[in-house]
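> The domain 'Calponin-homology (CH)' feature in TrEMBL is assigned to 10-116, 125-231. If you look up TrEMBL, you'll see 485-520 marked as domain 'EF-hand'.
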Amino acid sequence: MESLEARSRDVQERTFCKWLNTKLESNGYPAMSSLVKDLSDGVKLIQLMEIMGDVSLGRYNKTPRMRVQKAENVNKALEFITSRGVKLTNIGPEDIIDGNLKLILGMIWTLILRFTIADISEEGLSAKEGLLLWCQRKTEPYKEVDVQDFSTSWSDGLALCALIHCHRPDLLDYDKLDKMDRHGNTRLAFQIAAEHLNIPQLLEVEDLCDTRHPDERSVMTYIASFFHAFSSMDQAETVSRRVEKFAELMQSVWISKNDYERRVRLLLLAWTEMQTSWRASLFTGTYTESRERSAEFSTYKQTVKRAWVTEKQDIATLFGNVQTKLKTYGLREYVPPPNLSLLDVDDAWKALLASEAQRSRAINAEIRQIKETLRKKFAEVANDFEQRLHAISSELTSIDGPLEVQQQSVEQIQTRLPALSETLNYVSEAEAECNAANIEENDYTIFTCQDLEFELELLVQRISKKIAFIDNQIVSRNMTNLTPAQLEQFESTFRYFDKDESNTLNQSEMTAALASLGIVYSDEDMDYIYDQLLQDYGAVSFEAFINLLVEITEDQTSPEQLREAFRGIASDKPYVTELDLRIAHLRTPSIEFLRETMPHTQNETGEPEYDYERWLDDVFA
């Protein structure tokens, strides 16, 4: 402990002596070499108090030889220190005259605190705490530096380098420092501080790097020099920044004013051009063009207008910012040039909104008028088409007279159908225009294009059926060897199996029709019959079918032919089942009749087996 205290006193004596010498030398006084020797006569002490207090202490003994003269000098200096509110404890003139180093160091430290450290302030903290906080804030960005005190935190030189780099990065490259070179970093910081910052080297490299606990008072004294050096630099920079800030303010206000005027002119011009464009725009009378105008107007409201609203608000904000800046610094209020004030902008905006409303009403009125025109157009062609349909239908109903005359009349009506179908295309086009215009209701007609298409289809079918009916009637009239009942049966069978209503039968339809009448042939025979009919008639028409049945029915009452027919249905079994009859496509009434009249037995599954041989024997007996 005695060795540590002795080392601290040694460091303090050298540090304090250098600190005092900076005061003396800067005012033209010779430097001291020893605190004990040079302060003992009070002369240097009085000179230091006059320098620190910036005041004269009056007459004193400049070359004292006697102890009493030295005591007078020292006492004058101590009284001045006390008068400045510095409390000195346990030290008198004799302690300084007799060279009590411990008390002398304590007194000098008190002077350092009072005249160098006490005026340091940082975020409400003063003296030591304020100086420490200042160091911490300045070195915070440097990850290798952690300032917690005025002792070990400064032992590697990095904190000193960080302080210098923070304020003067041009003096050293912190990133290139060897973070492990404690002596080199400390020596570099001392050198730069002395040569470039006018901070005297109060400490030695060994005072920081070669001791476990560097002396706190000595370190504080040295670091305080950095604070004052950089504070002076900051004050000079503050003056420059004040002028620069005002110049920047005026420049920013000038830029903002010019920007405001430029943007207002552009905005007012854009509004004027838009209104001129609306007034010059003419409608062509088509729904497509009107919808395009409406879509363009909607797009304008969702894009251009919103951009204008935003720009109008931004301009108002910009104007307010300019006025706020000027008011904050007590400068003259900004008055925009004529026709560029915010009031002028509001008036122009109101005029734009009025034109916009007029434009919207014009577009909507045009669309309503076009829709009304389209409704009337469709109603006219639809009603006319329906009247023509009705006229033809009535004409078809009123046809009378001999079959040949009726046939000519119906065929003449049929020739008018293509022209009627062509007219329906106009109806469809008119309806498509209405659909494109989103017209859902039409008070001028009750018809739709689908309604008319359906009625036309019915008329076409009706004419086709009428022609087939007349043709069949002519054929039936000429078949004198058939009874009316037979003709009715054959005609109904033909119509039933004519699935596509083409008045012809294909081979499968003909086979089924014959089977329903109880006429069954082998596939080979059926192919021959069908091919023969195609050669003779071109198709199995009603006439061909009737003639075939005439040929068949002329001898169909032969028992052998009936037995052969039943064997064909039964697949050569001595009996037939209900399933055999249905597969042969017999009509339901015929099947029911045969089930009730033919004798039958039941097989092992309980299904009836009808004995057609026995029944035919009974019938023809």
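Using the three backbone atoms N, Cα and C, a Cβ is placed for every residue, glycine included.
Note that TrEMBL annotation is computational and uncurated.
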> Which sequence positions outside the domain 'EF-hand' (485-520), separated from its termini by at least 6 residues, show Cβ-Cβ distances below 8 Å to it?
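Non-local partners: 461, 464-465, 468, 471-472, 476, 479, 526-527, 530, 533, 539-542, 545-546, 549, 552-553, 556, 565, 568-569, 584-587, 590.
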> Which numbers of helix, strand and coil residues does DSSP report for the domain 'Calponin-homology (CH)' (125-231)?
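Summed over the domain 'Calponin-homology (CH)' (125-231), the classes give 65 helix, 2 strand, 40 coil.
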> Which numbers of helix, strand and coil residues does DSSP report for the domain 'EF-hand' (485-520)?
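Summed by class, the stretch gives 23 helix, 2 strand, 11 coil.
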> Would you mind giving the whole-number mean pLDDT across the domain 'Calponin-homology (CH)' (125-231)?
93
> Count the residues of the domain 'Calponin-homology (CH)' (10-116) that DSSP assigns to helix (H, G, I), to strand (E, B) and to coil, and report the three numbers in that order.
70 helix, 0 strand, 37 coil
